[in-house]
Amino acid sequence: SAVTCLHSFAFVFVASRANDSHYHLRVLSKPCQVADYVFVTCFSESYFWIVWTVFLDITLYSIILFCVFLWIPFVYFYYEEKDDNNVNKCSQVKNALKYTVGFVLVCVALLLIGAFVPLEAPPGQNSTQWEKVQYLFDELGSSHGLPALSFSISSLTLIGMLAVITYTAYGMSVMPLNLIKGTRSVAYERLENTEDIDEVEHQIENLKSKCKDGRPLSSKDRRNLQELEGKLQVLQRRGRHLDIAESHCCSKVGSALRPVKIILGGFFILVALLFTISLFISNLDKALHSAGISYGFIIFGTNLTNPLNELLLALQPVFPLDYILITVITMYFVLTSMAGIRNMGIWFFWIRLYKIRPKRTRPQALLFLCMILLLIVLHTSYMIYSLAPQYVMYGSQKYLAQAPSTDPVSGNATVSTTKICDADAPEDECTVTRTYLFLHKFWFFSTIYYFGNWAFIGAFLIGLVVSCCRGKKSVIEGEVEADDSDLSDDEYVH
């Protein structure tokens, strides 16, 4: 997650820094004509940031592919083999590598599919140094640059979109409302649980009394007795957990911090509404002013006022407030995603694979959690673009615009004014960020992301309504359930 968090804002900084060097070069055009070393210094600095962009791009995305397709699957299957006590270490590693090969083949297939785009011929030996640098950056920004890596990352981002719709949208609604509503009283839950135990025990005694004279129970009574005994075990386990929760110091500290939780809950729900409104405005802007579905709903600039986009643009002059805000947004998505996974568990379609519970989560579930969070933060790149499109496209870049002078004494002279880069800026004046280029390299991915944003908004609203209708959660919510088994993170004995 740290790698993908860095990816979320690194390219905005690099593009801005590279453009700043180009901007200063244009401002110092007269000194550069007098002293050649000034031009060389400006050009070298711009060249450095462009090359650094290339290596940063390859490094970050390669780390993501390595984690998703090699490291996490290998560790997962290693722990799966570890559950079998009859297998030694060498067999564990061998079997884990055997299963990991399948993920590596999927990665290779994605790279090969994306690599079928032909590349243009590079500039000849007689080309100038600037033409070679310009070709390098254009090659990486065009549909021919690093297509294999781009297609693989876009495929992972698509999976991350599904995780965002499933977990993040629900977490954004359930986390603040749980903070506001709080939990039920432990003493009241214990009393209620004791009454339920007495009632179930009484029902079991009534069923067993039917066979005191030696007659066997009917099949229906045997099923009912089995169900009641299972229910009694769950209630007894629930009682033990409630006893631990009542004696734990965290419950007392939580009661003392109740006002702080309410304030945090109100703040988080306002942030969630801000994100949802910004996303809705951005999607509405694309629906009204984009090039259409066949072009991935690409939009150049903003036509509707987006509050989060305006906030980031306002923070640009004060370094590094805009990057801090992007980091906070990314970490907010991680936090709400963890809240969603904590409440829902890890699902594969309609099958729940694992539960996430404090101190009792299986290693395989933690690996799934890490992979899901990595994919969610990877998709956050597109989410941030949707929330602040102009900022993600150009960052804090500026350019010099020539305008005719209004002074009659100056005649036909022009006046240079500094403007923030936008869609109306000349192509040679502003550099589009790497994040934007990667997101729109394949139009069909952009189209899917666009409809995914609408699904995210719908999932958030549904989760908000459901969370509002539900009452206070139990103080041991999710710790004891009837379907606990070895496959769903049954209790560990410590």
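Along the chain as shown, residues are numbered 1 onward.
Cβ from N, Cα, C; glycine included.
In TrEMBL this protein carries:
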TRANSMEM  58-79  transmembrane segment
TRANSMEM  99-119  transmembrane segment
TRANSMEM  148-170  transmembrane segment
COILED    190-238  coiled coil
TRANSMEM  262-281  transmembrane segment
TRANSMEM  323-353  transmembrane segment
TRANSMEM  365-385  transmembrane segment
TRANSMEM  442-466  transmembrane segment
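The transmembrane segment (262-281) shares more Cβ pairs under 8 Å with 442-466 than with any other stretch in the list 323-353, 365-385, 442-466. Sequence-remote contacts of a segment are chain residues at least 6 beyond its ends whose Cβ falls under 8 Å from one of its Cβ atoms, and for the transmembrane segment (442-466) they are 150-151, 154, 157-158, 161-162, 164-166, 168-170, 172-174, 177, 272, 276, 279-280, 282-283, 286, 293-298, 382-383, 386. When averaged over the coiled coil (190-238), pLDDT in the model lands at 83.
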